[in-house]
There are 2 protein chains.
Amino acid sequence: MFMPVGTQGTVKGISPQELLEIGSQMILGNTYHLMLRPGEQLVAAHGGLPGFTAYPGPFLTDSGGFQVMSLGHMRKINEEGVTFKSHLDGSMVLLTPERSIGVQEALGADVIMAFDECPPYPAERDYIQQSLERTIRWLERCQAVKSREDQALFAIVQGGVHQDLRQHSLDLTLPFGTPGFAIGGLAVGESKEEMYPAVAFTAARLPEGKPRYLMGVGHPEDLIAGIALGVDMFDCVYPTRTGRFGYALTDEGRLNLNSSAPRRQLEPIDPECDCYACRHYTRAYLAHLLRAEEMLAPRMLSLHNLRYLHRLVERASRAIAAGTFQQWAQVWAERYFQQAVPAWFQAALAAGASVEAPA
Amino acid sequence: MFMPVGTQGTVKGISPQELLEIGSQMILGNTYHLMLRPGEQLVAAHGGLPGFTAYPGPFLTDSGGFQVMSLGHMRKINEEGVTFKSHLDGSMVLLTPERSIGVQEALGADVIMAFDECPPYPAERDYIQQSLERTIRWLERCQAVKSREDQALFAIVQGGVHQDLRQHSLDLTLPFGTPGFAIGGLAVGESKEEMYPAVAFTAARLPEGKPRYLMGVGHPEDLIAGIALGVDMFDCVYPTRTGRFGYALTDEGRLNLNSSAPRRQLEPIDPECDCYACRHYTRAYLAHLLRAEEMLAPRMLSLHNLRYLHRLVERASRAIAAGTFQQWAQVWAERYFQQAVPAWFQAALAAGASVEAPA
């Protein structure tokens, strides 16, 4: 499944009713953003994220670790946790494994994530090793302090793009036996040629019967490559962000509604799509809304892009069930990449063929 | 009825499905904006505004006259029409009665408006008189050039805040026998104490059996005062604009969700409201969205405010049907104005009592 990202307690511009209509299953909430504003206690006073956001659930919350690294200023990492300066008011905040779990228990998601460090790319090998070992000690503290029985804590495997460090992280993480495992530390700036071997290596060594979650990914091609390699869960701000910029996802690649051609096109973004925008609007109308800076444009393009990714996963799932995933993915890719399917994608599909479960 | 304003082919942030759900009847489109961008021919290629915007109708379009006055630069008015500089690309555009009707026929609304001049406030008496007489000659040209039988052309009564000039305009306009009449030239800067006597005077002299449309109005109190005086139709950007700024309309006045108190309030904007926002969200959640500058905030507040005005008109209509409008309006006003009902509102209600049709 692809999880829409509701950073600040809302998937930007989209109502819960619309999320249900387009087939969203689980929504991601951000611990870092919500603890800083409005504060987890206000969310808890609403009975957690479902009451606060009116999305009836389920939810997953991240641990805050990734945002501390990408948004926090003046951060200092030590064994205790991470001290950082809030991007909102400049106050100094300490986020620890204990605090992360406390916040996530207050937010009340169904799946919560262990507090980890996601090292930047590139990073020194030695640093990645020290960091992943500390992340394991933090995982231990997360498990120890976790008090709600109705929340599933997922561990996160780190190790950058290095196979031996991924193996080291797996060796230390798998014994915790958490109900799901995430592949972290990727899609942070490395090339696809570096990223996918790391995904393939890690996903193949995670337990068959538990969800594998590739964090912060991705684009349509990333979903297909990830699914080929055995990934079950994805999240990314990409569909809503690129929609706000005027881009629409289709099987033929990304359509730029800011360009001049769509202004005269009386067909929908995608005649095969069943979203509200495709059922009601022409490209010309949506291009007009964009030029006129009308709010309905980012709203409708976000909705379409989310529906595109949900539908893509649904189609992949049907192909897997029918035992035709490899062929389906190949046909999809040739159309999507306009005949120029990149080597990394072909390699991911090929690597996936060997791990694909028999129908 | 209150008509939401869809200036550029969309009621800002709101989908057609939502408009139907909240009880919108007719949507207003702007000739000036749509002729400049995307151009009326593109709208016509969609089969008119219903096809372009996906709102199944009905629509009303204004004549462009008001926007030429308020948005066009370097405008020159003469007998032929108005020449102005486009606010979009600086090109010089000539809008005439013939061109206005041509554009409105291409846009395909059910109700179209005669091309008029709305003089600024304040304006010289002499200028208002010359202007209203020219508006009559323009009305004649509009009627002469109008070719579609499926569109109703409404005339607009001008005359500023001067009773004798209103009478003069009425004398010249009524003989045209158009299927509806608008009261124009008000809500342009004059005080309520000047505006409402002009509304009362004009509305009372318009035919009983045809719709009376008070253009560009208004706030909740304006709808009630206008209804008291016999007005049938209103339009205004106020509910969506004030919603985008974080204000919610309620029977107890305007609620500022930017202030600090709502941030902790776990009740809806208005427990009596049946809009999506009031059925799903607390004030605290909406206040959070506003502070976080999330798109869902202006969307939901616009939706609520439109529903508030639609519901207000529905309540007024029920009270009229029950013969209790005066009492109902008095009770509403005492709550809305927090006991300090202004004299202009009381005067409008009192003036309305004498013209109110028996139940």
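In case you wondered, yes, glycine gets a Cβ from its N, Cα and C as well.
Among A:His304, A:His310, only A:His304 appears in TrEMBL as part of the Zn(2+) site alongside A:Cys273, A:Cys275, A:Cys278. A:Gly185 is the residue from A:Gly39, A:Gly90, A:Gly185 that TrEMBL records in the substrate site together with A:Asp62, A:Ser63, A:Gly64, A:Gly65, A:Phe66, A:Asp116, A:Gln158. Your range for region 'RNA binding', going by TrEMBL and the list A:6-12, A:83-89, A:97-103, A:216-222, is A:216-222. Feature region 'RNA binding', per TrEMBL, maps to range A:240-244 of the set A:190-194, A:240-244. Reduced to three states, the DSSP call for A:Asp235 (active site, nucleophile) is strand. Here A:Asp235 (active site, nucleophile) is positioned 17 angstrom away from A:Gln158 (substrate binding site), judged by their C-alpha atoms. DSSP assigns A:Phe66 (substrate binding site) to a helix. Tertiary proximity for the region 'RNA binding' (A:216-222) is limited to same-chain residues at least six positions away from its ends with a CB under 8 Å from its CB atoms, namely 66, 186-188, 234-236, 238, 249, 308-309, 312, 333, 336-337, 345. In sequence order, A:Met69, A:Met113, A:Ala114, A:Phe115, A:Glu117, A:Cys118, A:Ile156, A:Gly184, A:Met215 are the same-chain residues whose CB sits within 8 A of the CB centroid of A:Asp62, A:Ser63, A:Gly64, A:Gly65, A:Phe66, A:Asp116, A:Gln158, A:Gly185, the residues recorded for substrate being left out. Around A:Ser63 (substrate binding site), the C-beta neighbours below 8 angstroms that are at least 6 residues distant in the chain are A:Thr31, A:Ser100, A:Gln104, A:Ile112, A:Met113, A:Ala114, A:Phe115, A:Asp116, A:Cys142, A:Ile156. For the region 'RNA binding' (A:240-244), the residues of the chain that approach it from at least six positions outside its boundaries are 4-5, 11-14, 254, 298, 301-306, judged by C-beta separation under 8 angstroms.
Highest local Cβ density among the binding-site residues A:Gly64, A:Gly185 belongs to A:Gly185, counted as other Cβ atoms within 10 Å over all protein chains shown. Taking all protein chains in view, 22 other C-beta atoms sit within 10 angstroms of the C-beta of A:Phe66 (substrate binding site).
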